[in-house]
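The structure under discussion appears below in the form of structure tokens.
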Amino acid sequence: MWDGHLARQFIRFKCVAAYHTLSDSLLVYRLGARNRLVGLVSAGVFAIALFFGAATLSLFPKPILGGLLLFFGLSLLIESLWDAGDKLPKTEYFIVLLILVVVGAVGFLQGVGVGLVAEIILFVVNYSRIDVAKRVDSGVNYRSRVQRPPNQVQLLRQKGEQTYILELQGLIFFGTANKLLNQIRERLDLANENLRFVILDFRQVTGLESSAVLSFAKLKQIAKKQSLQLVLTDLPPTAAKQFHQGGVLETPDPVFQVFPDLDRGLEWCESQILEVISCPVVSVVYRWLIANS
């Protein structure tokens, strides 16, 4: 009894903890062993090494060990390459093949690094395809909450195409910012359109990458050439700081107008349109410019 108690205490405090390993369990499962005898055989191998020394393991046929290793490696390779071909998109499957080639030719860490860089590039390309403008509208359908006389409302409806409204969303980086720039360029290239105001609403923007500031600087250059007024609404303080540091926003700024919300930005644009129309001299000059543009 005393010897049994001592043995239990020795096993409790001196033995290594046992647990399941994925690789060994997967190998046994694929070999077709589905009963408890697997555990006994595994324990028996360790018992032989414990009582007779590790040299006895060298008597085990090496071709069998090599075959097991080859079987396990090929099964994982087939699962990762052949079976994944029907599950993964072509671009991601190409990255898997690229990682395999780099690991085989150079090394494991290099393969992981190349795969990580490829995934980052793929993410940037896919995210750039997302439309950064959640809503696109004009002054024809979208007006401020200011109560105006019916004649002014009618005038604003007639001149509504002069105001181009874009409600932005998500993270803006160089990919999405460049897409936004091209979208505004396409709007400017439309025939018989007299665009005067472009409103960019940042209320649903979650962040602005420093690389996107360059696209807004290009947009400002285009606005100067086209005599456009760019109106920024709900601009986050961090984005405003980036614009100031990048030389996009000036104090005062001849191109950009900044307002706390979209409604006030629309109100300012409407006031500018009505001011031009209500002044007789300016109105005549404005109509002449429109007719000859």
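Just so it is clear, glycine is given a Cβ too, placed from its N, Cα and C backbone atoms.
Break the domain 'STAS' (165-269) down by DSSP state and the numbers are 50 helix, 29 strand, 26 coil. Among the features that TrEMBL reports, domain 'STAS' is placed at 165-269.
Residues or ranges marked as transmembrane segment in TrEMBL: 37-57 (among others).
Sequence annotations record features per position, and here TrEMBL assigns transmembrane segment to 64-82 (among others). Within the same chain, residues 23, 26-27, 30, 96-97, 100 sit at least 6 positions outside the transmembrane segment (64-82) and bring their C-beta atoms closer than 8 Å to a C-beta of that stretch.
Sequence-distant contacts of the transmembrane segment (94-125), counting only residues of its own chain at least 6 positions beyond either end whose CB sits under 8 Å from a CB of the stretch, comprise 80-81, 84, 88, 173, 175. Under the heading transmembrane segment, TrEMBL lists 94-125 (among others).
Long-range contacts of the transmembrane segment (37-57) within the same chain, counting only residues at least 6 positions beyond its ends with a Cβ under 8 Å from a Cβ of the stretch, are 24, 28. The average per-residue pLDDT of the prediction over the domain 'STAS' (165-269) is 90, rounded to a whole number.
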